[in-house]
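The annotation domain 'Coenzyme Q-binding protein COQ10 START' is assigned in TrEMBL to 14-145. The domain 'NAD-dependent epimerase/dehydratase' annotation in TrEMBL covers 170-375. Annotated domain 'DUF1731' per TrEMBL: 411-456, in sequence order.
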Amino acid sequence: MADPQTYCVSTRLPVSKQQAFAYHERRGALQRLTPPWESVSIERSDCSLTVGSRVVLRTSLFGLPLRWIAEHTEYDPPNRFADTQISGPFASWDHSHHFHSVGNVESVGNGETSTLTDSIRYRLPVGAIGHFFGSGIARRKIESMFAYRHRITRDDLALVDSYPNEKQTIAISGSHGLVGSKMMTLLKLFGHETKRIVRGSPSVDSIAAWQNDQQANRLSEVDAVVHLAGEPIASRRWNDEVKKRIRDSRVIRTRQLCESLARLDKKPRVLVCASATGIYGDRGDEILDERSEPGSDFLASVASEWESACQPAIDAGIRVVSARFGLILSPHGGALQKMLLPAKFAGGSLGSGKQWWSWISLDDVLGAIYHVIMKSEIVGPINFVSQNPITNADFARTLGRVLNRPAMFPAPAFALRIALGEMADALLLASTRIHATALEQSGYRYRFTDLEETLRYSLGRNRLKST
């Protein structure tokens, strides 16, 4: 049997060890800390770190499905907890998490800081043969995973420590989508109560706001509403029916929701309603911000009507923020997920490649939504984009560099139009060079401003070496 291998890394956290431990103990921590490039789902969890509690994960090894059962073996809040593998991909796996107080330095909020140390002792399967063939692969996966976990832990704790520690109840529509599902998890981790706004059957934790007045009146229980629901715009080729569904799912349902909010005796303090940077249309090299006029194409018209549909809530005195989302980057969904396969085969720019793309990391979308909820002075349209828009050609080259692939083969505009029709011009070839003026002026601290850093973080191309 091969000797066990060890891995140990530490990271300074901008909060006390009590806050850091609580973050790991809350429901949703495992989902939040699971890297987006890993195919891992939670089959069952006791939702506890106490001794004897278990979690069952579904994952895969070389394409074969695999269950990983872990059991917690030590629990000493707020100093330490540990777990061991009962069954799974390793011959053995023991993982301990240590939290140490550091002192009043480098803190975002109250002055207390701490250190998180992860220590792992593991053996690969098949003894010396497994060690010989799999040691390097396993080590790289561990280093990538903990580079992600330590970065997201540090950044999440810095975010929550920047605002008053006031528990809120926040309702989210579109809660199963790319942004909504991650937002639900983040809010729970920060100690808030969440409710889903759904179109189907209600439950204790979900509100069927479009069903009847009795259900809509349950929105009086919440402090904030985040409205993200809408028909996907890139799931199928556009025709008149598809475009009508895209429009109606945003404009009509938003107006109905806002009319319901306006009728409440006890209203939410804030409504954050999704919009899109498509509101500006195709504007070439023009630098745009929240003061710029809307465009006139289909998506611009939809976004303009979408924002106008919030007027009943505005008239009722609810603070309304229109979140104009740019190109949200995550391998879990959206544009980046669709770009990965072509990029791995040396795919290059789209059309001329000169069009500007205004992108933003998924974690900055979540952070900015939390920011506008917590900052009561923020109101109106807000561009949710990074500080550094980039041309499509440079985007393709950067993605290729991260994937260690050349960006050699461009996709001609005419071919994209044949394949996608009107959608090609609106989503791929349009140029929007957008500045996040309002978000920057409000004091939001970006996690990511550099595209390559964002992609390396999101795709598991960073590594955190053992100390």
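Glycine too: its Cβ is placed from the backbone N, Cα and C atoms.
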Confidence summary (mean pLDDT) of the domain 'NAD-dependent epimerase/dehydratase' (170-375): 96
Of the residues in the domain 'DUF1731' (411-456), how many are helix, strand and coil by DSSP? 27 helix, 3 strand, 16 coil
Kindly report the helix/strand/coil residue split of the domain 'Coenzyme Q-binding protein COQ10 START' (14-145) according to DSSP, in that order. 33 helix, 57 strand, 42 coil
